[in-house]
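S.K.: TrEMBL feature annotations, pasted as is:
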- His79, His81, His248, Asp322: Zn(2+) binding site (BINDING)
- His79, His81, His248, Asp322: Fe(3+) binding site (BINDING)
- Arg88, Tyr151, His184, Glu251, Ser327: 4-imidazolone-5-propanoate binding site (BINDING)
- Tyr151, Asn324, Gly326: N-formimidoyl-L-glutamate binding site (BINDING)
- 71-410: domain 'Amidohydrolase-related' (DOMAIN)
Amino acid sequence: MIADLIIYNIRKLYTSTEKAPVKGYSMGRINMISNAFVAVKDGKILDVNSGDFKNYINFSTKLIDANHKICLPGFIDSHTHLVHAGSREDEFEKLKKGVPYLEILKNGGGILGTVDKTRHATFEQLFDQAYKSLDTMLTFGVTTIEGKSGYGLCLETELKQLKVMYELNRKHPIDIISTYMGAHAVPREYEHNKKSYIEKMKEDLVYIKSSNLTNYVDVFCETGVFDIEESKDILKSALDLGFKIKLHADEIDPLGGAGLGVELGATSVDHLMAISPKDIKVLAQSNTIANILPGTSFYLNKPFANARAMIDQGCALSISSDYNPGSCPTENFQLICQLSANHLKMSPEEILNAVTVNAAYHLGLSENTGTLEIGKDADIILLDIPNLAYMFYHFGINHVTDVIKKGKVVVKNKTIQRGRK
């Protein structure tokens with residue numbers, strides 16, 4: 001079969017060939033091919049190999065000389081709060097002075113401050129701000145993201161966020177998996193009547209489901225937000241309607257959110273800086289992904305999740321940015337990977353598995369992306385570095401030069417190539 005595209009002269013190609021989810025010590029396994037090429041046909045990977053590729057070429061085949069760069073699967077950022085209005089640099093000084101994040105929220109700032117701005121923003125304003133962020137993510141090698149609502153806390157604005165993501169998914173090269181997160185905080189109008197807000201959310205879930213804008217529901221299970229029983233109530237209602245579920249769990253206090261996630265069959269439990277040793281063991285016995293967000297720990301100057309213990313006890317980990325305006329305002333996904341090496345004590349191979357194959361697994365995308373294997377989407381990035389380890393060693397800059405999304409060159413020599421999806 002003749003290829004549409006051949007990427008050749010690849011110094012080293014790295015990809016997982018493990019069955020997802022990749023757990024425990026298996027996270028340290030990565031397949032590496034020297035002097036590699038990738039053949040692409042109709043947006044799918046036709047072959048990944050080394051040596052001669054002439055049998056795949058005719059006059060119409062596009063050739064890309066990788067010039068001895070390394071090749072990886074496109075990164076998957078599986079936890080972001082992409083669509084929001086404004087920014088929160090005014091809170092940064094408070095955080096630096098030690099004001100707790102939940103205290104800022106309690107006093108009407110934090111998430112609620114962004115809710116006010118997002119409610120008042122137009123569809124176009126939200127779209128334009130998020131599109132710009134997606135462009136930055138793309139240049140850093142991200143080809144798929146998950147994006148949450150949760151800055152509306154009312155049906156009208158939650159739907160507005162989800163509709164923005166729907167349009168972004170249509171028009172931007174990055175694929176977006178949307179999540180409804182009405183349970184991100186309690187809005188001011190329900191401050192003294194949380195129970196009524198929970199009941200309203202459960203009613204809204206019916207409409208959200210019928211909209212076909214998302215198949216996922218997330219809940220912020222934390223002290224001062226939604227406790228274990230409240231989270232369980234919301235998530236069980238979501239499950240009854242056919243949603244898949246995930247949780248912000250054990251971020252600040254060890255409430256047992258991770259254990260609840262396993263009990264209910266969550267695709268992922270996220271943050272986990274305060275997860276208990278007991279729940280690490282529970283998580284290791286499941287296929288629920290531990291989604292670690294080191295950028296939040298870094299920005300808030302808080303302890304990092306004990307990723308090493310989770311891996312050593314057999315958990316499956318993914319790594320995400322938690323891109324949001326209040327606790328991780330960065331689209332630099334390579335920095336997130338570098339924080340994982342330095343602060344989570346993860347190996348390059350473990351991190352690559354975390355941001356590709358395992359991230360794809362808990363977003364339900366394993367059949368299409370996450371590895372460079374025959375038949376999968378040609379989501380490919382080239383990095384101008386000598387080996388995988390160098391990406392984590394030389395930190396803070398962008399090593400990605402080229403991005404191919406479903407067989408189309410969308411970033412060339414660090415410049416976005418404009419065109420419709």
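Placed from the backbone N, Cα and C atoms, the Cβ positions cover glycine too.
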S.K.: Can you tell me whether DSSP puts Arg88 (4-imidazolone-5-propanoate binding site) in helix, strand or coil?
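M.R.: Note: Arg88 (4-imidazolone-5-propanoate binding site) is coil by DSSP, not helix or strand.
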S.K.: Which one is closest to His184 (4-imidazolone-5-propanoate binding site) in space, judged by CA to CA distance, out of the binding-site residues His79, His81, Gly326?
M.R.: His81
S.K.: Specify all same-chain residues, apart from the site residues Tyr151, Asn324, Gly326, whose Cβ lies within 8 angstroms of the center of the Cβ atoms of the N-formimidoyl-L-glutamate site, ordered by sequence.
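M.R.: Leaving out the recorded residues gives His81, His84, Arg88, Gly110, Ile111, Thr114, Gly150, Pro325, Ser327.
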S.K.: Please give the greatest C-alpha separation between any two of the 4-imidazolone-5-propanoate-binding residues Arg88, Tyr151, His184, Glu251, Ser327, in angstrom, as a whole number.
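M.R.: The 4-imidazolone-5-propanoate-binding residues span at most 20 Å between Cα atoms.
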S.K.: Which of His79, Arg88 (the binding-site residues) has the most other Cβ atoms within 10 Å?
M.R.: His79
S.K.: Rounding to the nearest whole angstrom, report the longest C-alpha distance spanning Tyr151, Asn324, Gly326, listed for N-formimidoyl-L-glutamate.
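M.R.: Largest pairwise Cα separation, rounded: 12 Å.
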S.K.: When you average the Cβ positions of His79, His81, His248, Asp322 for the Zn(2+) site, which other residues in that chain have a Cβ within 8 Å of that mean position?
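M.R.: Other same-chain residues with Cβ inside the cutoff are Thr80, Lys148, Asp270, His271, Leu293, Thr296, Ser320, Tyr323, Asn324, Cys328.
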S.K.: Any idea what the Cα distance is from His248 (Zn(2+) binding site) over to Ser327 (4-imidazolone-5-propanoate binding site), rounded to a whole Å?
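M.R.: So the Cα of Ser327 (4-imidazolone-5-propanoate binding site) lies 14 Å away from that of His248 (Zn(2+) binding site).
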S.K.: Would you count the other C-beta atoms found within 10 angstroms of the C-beta of His184 (4-imidazolone-5-propanoate binding site) for me?
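M.R.: Excluding its own Cβ, His184 (4-imidazolone-5-propanoate binding site) sees 25 Cβ atoms within 10 Å.
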S.K.: Work through the binding-site residues one by one (Arg88, Tyr151, Glu251, Asn324, Gly326) and name whichever has its CA nearest to the CA of His79 (Zn(2+) binding site).
M.R.: Asn324
